[in-house]
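J.: First the structure, which I've put down as structure tokens, then a few questions once you've had a look.
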Amino acid sequence: MSKKYIIALDQGTTSSRAIVFDHSTNMVASCQREFSQMYPKPGWVEHDAMEIWASQSSTLIEALARADIHSEDVAAIGITNQRETTVIWDKATGKPVYNAIVWQCRRSKAICDELKTQGLEDYVKQATGLLLDPYFSGTKIKWILDNVDGVRERAEKGELLFGTIDTWLVWKLTEGQAHVTDPTNASRTMLFNIHTQEWDETLLKALNIPRSILPEVKPSSAVYGHTRIVGEGSHIAIAGMAGDQQAALFGQLCIEEGMAKNTYGTGCFLLMNTGTEAVQSQHGLLTTIAIGANGEVNYALEGSVFMGGATVQWLRDELGLIRDAQDTEYFASKVEDTHGVYLIPAFVGLGAPYWDPDARGALVGLTRGANRNHIIRAALEAIAYQSRDLLDAMAKDSRVELKQIKVDGGAVANDFLMQFQSDITNVEVQRPDLTETTAMGAAFLAGLAVGFWDSTDELKLKAGVERSFTPQITAQKRDSLYQGWQNAVARTR
């Protein structure tokens, strides 16, 4: 095999990374660069799309240098990205007309409220699988068209293009040759009908968005074009892409119906593959596309918790109870239980399955005997309880009782948390050998598209489990603890 490597570009909310993998899925080299966060008004979040491009393109070049390899050694590049973040740029010059509006940005809430008054809430959920919320790209696009001078007119003349970050990067990498996205990213725009696999004319009309600015939707594993970024004569295929959470699902090889993964980052993202059926949630979850490849689309249920690792950051930065996130395992293990204490980290409201923006955080059950260790333990347990909330909602929606969940993200190194997660959900928790599952998913998609790997069966042989955690408490104890959590949550709403 002359081409021995795959490169994954992992474009996240705070940094851009490039990772070089070999055929055995070993990480050969990596490079990471942070970029600026802009908060022009309360609730507004922006990125400079050109800075994202500069950070991502430079990490690609540096990762190649660190691996001491040349472009001709690389079989393909795969891309995974922060989802929903919105860029509109000039087709001729390649310059954005405005900063990228980030997924966290809430500025388009009034547009969402207007759509609700038009009676479109149920239609949005049925067609796109999403909630009518500023989180998604559609209302961000409308905001730029309506509020930046001259942009709507230029868009209607066909002079401008829209893309989520995957689309923007592919367009730049291919020097404007490819204006494409994949089904996972398209499904997060609130403009894509996940059943017909087409941009939805009803929603485009409701938001007054010209169809001409939207990218072509291609499979998640396919060759979209080639890049010469690493020098004249280079010609690397851009061959796979997926939004970050779907890439992690694929990287964990959750490719069959009923398989699920939980990513523990700042928040928690639990996704469950529901196969070829788009399950409409009745319990506060999103219906989204898991992957679109080989002429088939798989769907997923998705639940997100706002405060996962961020709860531990709060213990460290605001309360000063710990110096390092890793210390939580030591302190939590020094006590038998939380002494009846529950921490509900509803600092910015509650996410799925509650979707209560007005809920606020609370420490419930404090007595004179409660100490620092109990509170630290309660913070870790809160992450697991919230994941149990999501798992229960998924079981009700999918009518599938999960027996196993795969985990990734920074917090999975915490053995106490992983064991308690297994205990409170009564599910086996599997921690993989390789925790870079998001980048790995992008690499897998690209490698499969160009024949670097033959099949997902081959990939399964390379995927190892570093440790499995199995339930160690009684059903009675589990039910009692979870009832206490539910009672505590009720007091925050």
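Heads up, the Cβ atoms here are built off N, Cα and C, so glycines get one too.
Small disclaimer: the values here were computed from a predicted structure and weren't measured.
Relevant sequence annotations retrieved from Swiss-Prot are reproduced here:
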- THR13, ARG17, THR266, GLY309, GLY410, ASN414: ADP binding site (BINDING)
- THR13, THR14, SER15, THR266, GLY309, GLN313, GLY410: ATP binding site (BINDING)
- THR13, ARG83, GLU84, TYR135, ASP244: sn-glycerol 3-phosphate binding site (BINDING)
- ARG83, GLU84, TYR135, ASP244, GLN245: glycerol binding site (BINDING)
J.: Just how spread out is the glycerol site if you go by the largest Cα to Cα distance in Å among ARG83, GLU84, TYR135, ASP244, GLN245?
T.: 15
J.: THR266 (ADP binding site): which of the binding-site residues THR14, GLU84, TYR135, ASP244, GLN313 is the nearest Cα neighbour?
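T.: If we rank THR14, GLU84, TYR135, ASP244, GLN313 by Cα distance to THR266 (ADP binding site), first place goes to GLN313.
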J.: Just to confirm: which same-chain residues, 6+ apart in sequence, have a Cβ under 8 Å from the Cβ of ASN414 (ADP binding site)?
T.: GLN326, THR328, GLU329, LEU380
J.: Between the binding-site residues THR13, SER15, GLN245, THR266, GLN313, whose Cβ has more other Cβ atoms within 10 Å than any of the rest?
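T.: Of the binding-site residues THR13, SER15, GLN245, THR266, GLN313, the most buried by Cβ count within 10 Å is GLN245.
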J.: Take the C-alpha atoms of SER15 (ATP binding site) and TYR135 (sn-glycerol 3-phosphate binding site) and report the distance between them in angstrom, rounded.
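T.: Cα of SER15 (ATP binding site) to Cα of TYR135 (sn-glycerol 3-phosphate binding site) measures 20 Å after rounding.
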J.: Inside 8 A of the center formed by the CB atoms of THR13, ARG83, GLU84, TYR135, ASP244, which other residues of the chain have their CB, for the recorded sn-glycerol 3-phosphate site?
T.: GLN82, THR85, VAL102, TRP103, ARG188, GLY243
J.: Considering only the binding-site residues ARG83, TYR135, GLY309, GLY410, which fall within 10 Å of GLN245 (glycerol binding site) when distances are taken between Cα atoms?
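T.: Passing the 10 Å Cα cut: ARG83.
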J.: Compare the C-alpha of GLU84 (sn-glycerol 3-phosphate binding site) with the C-alpha of each of the binding-site residues THR13, THR14, GLY309, GLN313, GLY410, and give the closest one.
T.: THR13
J.: A 10 Å Cβ contact count, applied to the binding-site residues ARG17, ARG83: which residue has the minimum?
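T.: Across ARG17, ARG83, these binding-site residues, the one with fewest Cβ atoms within 10 Å is ARG17.
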J.: For the sn-glycerol 3-phosphate binding residues given in the record (THR13, ARG83, GLU84, TYR135, ASP244), what is the largest pairwise C-alpha separation in angstrom?
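T.: Those residues reach a largest Cα separation of 15 Å.
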J.: Just jot down the residues in the same chain as GLY309 (ADP binding site), at least 6 apart in sequence, with C-beta under 8 A of its C-beta; none if empty.
T.: TYR264, GLY265, THR266, GLY267, ALA325, ILE383, GLY409, GLY410, ALA411
J.: Taking the Cβ of GLY410 (ADP binding site) as centre, how many other Cβ atoms lie within 10 Å?
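T.: Here the count is 15.
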J.: Which residues of the same chain, at least 6 positions away in sequence, have a Cβ lying under 8 Å from the Cβ of THR14 (ATP binding site)?
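T.: Once residues fewer than 6 apart are set aside, THR14 (ATP binding site) is near GLU34, PHE35, GLN37.
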J.: State the Cα to Cα distance, in Å, between ASP244 (sn-glycerol 3-phosphate binding site) and GLN313 (ATP binding site), rounded to an integer.
T.: 22
J.: Could you tell me the C-alpha distance between TYR135 (sn-glycerol 3-phosphate binding site) and THR13 (ADP binding site) in angstrom, no decimals?
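T.: Between the Cα atoms of TYR135 (sn-glycerol 3-phosphate binding site) and THR13 (ADP binding site), the distance comes to 14 Å.
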